[in-house]
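Chemist: Straight out of TrEMBL:
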DOMAIN    284-829  domain 'Bicarbonate transporter-like transmembrane'
TRANSMEM  319-337  transmembrane segment
TRANSMEM  358-385  transmembrane segment
TRANSMEM  397-418  transmembrane segment
TRANSMEM  517-537  transmembrane segment
TRANSMEM  549-570  transmembrane segment
TRANSMEM  591-617  transmembrane segment
TRANSMEM  637-660  transmembrane segment
TRANSMEM  698-714  transmembrane segment
TRANSMEM  771-792  transmembrane segment
Amino acid sequence: MDSVQDENGHLFGNGDDEVVELTGLDTNGNCANNNGVFTLTQGVPDTGQDEDDASLLYCRYERLDVKDFHCEVRGSRDVEQALNYSVVLLDHNANNLSQVVGSMLENLVQGNPDSELNAEAAKMDIFTNTSDSIARRTIQGTVSSDQMRGLDYDQAWVCVMGELATLHHRHVAFARLSNPVNLGVTCQEARFVILVVGPSKEKATKSTMETGRTFSSLFTDMSFRHSLLSETTKDGFRTKLRDRARQMAKEQGNPDFRKSSKLLTYSVFDEDKNKPKPRCPIGQGMLGDLRRRLPHYLSDFKDGIFGPKTLQKVPAATFFVYFACVLPNLAFGMLNSNNTNGAIGIKKILFSQMFGGVLFALFGGQPLIIFLTTSPLALFTKIIYNISQEYDLDFQALFTCVGLWNSGFLILYSLCGLSKFMKWSSRSTEDIFSLFISCAFSIDAIRDCLADFSTNYHAKACYSGSNTTNPLNASVSSGLFTTAHSYLVLNETGNGTDGTSAPPGQLDNPCMRESSLLFLLLMLTTVWLGLTLFNFTKTPYLTSGKREILADYALPLAVLIVSFFGSFVFKDVQMKPFKYDPDETMFEVSNVTSLPVAAVFAAGGLGFFLSLLFFMAQNIVSSLVNRDSNKLKKGAAYHWDMFVVAIINAILSIFAFPWVHAALPHSPLHVRALADVEERVEQGDVQQVIIHVRETRLSGIISHVLIGLSMFMLPVPLTFVPRAVLDGLFLYVAFKALYGNQLFERVLLFFTEQAAYPPNHYIRRVPQRKIHLFTGIQIVQLLVLCAFGFSPIPYMKMVFPVLLMFLIPIRHKLVPKLIEPKYLKALDGR
């Protein structure tokens, strides 16, 4: 057999046995950006050297179009005709491809006694001469993109083909494996095997290759394959295949879908060059958002009720949002109460959360975004209170004025479409901000634990021999009760009830070392139990359905279980409860007219800085939620969401309620809670890929209604949640947010053996020193944010949103001078 190597290093030749591999093209003849189709035909020539086990395997690769069911008539006919006599094996147990194919052939013979099909002859044709584990001809999906600069195999399914001269009809069989099976290097986690056996002499449109291409095209969609996993009957399996073929025919008949992507999610940053520019650009971005999202408004509710596993996922996401928001609200309520001398407390925080969350879930463009009052907002509240005290101004009036200025600026941003500037925001900026928030949660939890040890474990009474354990000592400062996931404003020294710092000598704290040890135990147990349950799907215990339920309810179960142990099992250990004011005034309209003119304009300056924080936080969170990897299909609404945020906070400001905006990492975690995920294995590296997300408004509405009802749960039963559990929840949220953070993954490479590097695309495309250089630049930017964000000087923290905005020009102007653009495209691609 003669052979020659082309300029790309591929081996070609001629001979009786050959290997052909074909990958998918889009309808324009270009390499597809979605799942394509991959065909492999294998054979081994007989060298005549029986004493030698060595052999040669000849391979050749081609590309194959995804079947166009709208234009190619044989596509729909093949599906209808072949499925009538097909064999379906559900939850089949097998360890290798030979066993799977053997069982499928036996069932084909048994189902057609009069058939000319010979199982042994077919098996000999399907596999190579010297091995029954390597198939001669297979079709497999691939993913091709400019970012990857190559092809990645879709390892969840494979189509095997065989031809016999004695056959007169085609035979098709499907096997759904009970567990993922390693069928080879390019198919390490197969769940579906398709077998097509036909005559060797047949029309080109009816060949085994074309038949295999037909059914392979159906399996390129991940969501469809995921739906097949839950099918319990063979007839239902066949019905779904028919429905999928009809759906593809309908989609491919629409010009909008005659591209490589099945469902395009149009970005608000994309401009249609064919449309004339409007005479007045004011508000055009908001109108575009409404045109994009309004057609899906009713489906936003139906998608939360109907669909596979929806009734399991939506309640789980609802309870996740409830626990992930209500507990930080308790912490921020105590913090704001201390900072404002009781003007803003827990009840107002809970109402703001309920009001803002429900309104945004009803009227927001992207309902998967979760609102929360955050630590920077608590900082601005404290600064406003200090200014009001220093200049003898009405705090609530000044707070309202700043909030109204902030809302005015946000309305201006949304009308002018300033969110389009976020098209320059790259993954680098998002990862830095996300990791900063994770660090903030972790630092606050550790700081709060250290403060508890300093107060109770290392109290003077523990060293003076006066081992009193009175937990209600009147001299204990209320600042010691403060807990917040604040990376900016946690007060460690303790504040008196009047808001002033109490000198350390006046803090006559009792010695309660057992309280500090229990605090540490409950905090670590909460984060350990939550992460263990969240990762329970990776264990072999229980059934897959029960493991998934435990993972979905990981956070609520961890909080309830640890709170029960802390409040009842260890009830003899006295711990300080959080502070709560039952007489907190509500719905009191602020008297803005009492402010002098100078104070109104000064409030405008504070409102401008506050609007920058809202602008960056809202848009970064929106960008993280609408990432392509989340596979959302209804589109984003950056401008409209900004407008809704402005209206919500304007209403809250009138009554001096705390402000709210999009929260990290709660919003991306809410998306994850509503998603179906699938594990992918590539060269031993396991990654979880989102297949489908239920884009519904119900989880946000119901969870925030429950948060509003929590106002009637004060002080009981919310007081049974120990402060340590709050800190454990902060750690849990911080650690869970690290999943998928590419910056954190590259930081770990500093401590990872090179041979153990994961097979990520940037590992294959970018030199190692460039990877570490880019990671080091990001770390420096993160440290600068931390220096200002954790600064003990309050007014330095006001610069934080400005620094956050500077990350964008740094990425596009300075970083390209150090790292080549072709490497940045791989390192910083979405």
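Quick reminder: no glycine exception, Cβ is built from N, Cα and C everywhere.
Set these features in their place in the structure for me.
Modeler: When Cβ-Cβ distances below 8 Å are used as the criterion, the transmembrane segment (319-337) is approached by residues 344-350, 353, 357, 370, 372-373, 375, 378, 381, 481-486, 489-490, 552-553, 555-556, 559, 578-581, 658, 663, 666, 669-670, 673, 699-700, 703-704, 706-707, 710, 718, 721, 725-726, 729-730, 733 of the same chain, each at least six residues removed from its ends.
Here the transmembrane segment (549-570) has Cβ contacts under 8 Å with residues 312-313, 316-317, 319-320, 322-324, 327, 518, 522, 525-527, 529-537, 542, 673, 720-722, 724-725, 728-729, 732 of the same chain, all six or more residues outside its ends.
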Chemist: Can you tell me which parts of the same chain pack against the transmembrane segment (771-792), counting only residues 6+ beyond its ends and a CB-CB cutoff under 8 A?
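Modeler: For the transmembrane segment (771-792), the nonlocal Cβ contacts are 428, 431-433, 435-436, 439-440, 443, 487-488, 743, 746-747, 749-750, 762-763, 799-800, 803-804, 807, 810, 815, 818-819, 823-824, 827-828.
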Chemist: Where, among 517-537, 591-617, 637-660, do we find the most CB pairs under 8 A to the transmembrane segment (397-418)?
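Modeler: When the Cβ pairs under 8 Å are tallied, 591-617 comes out ahead.
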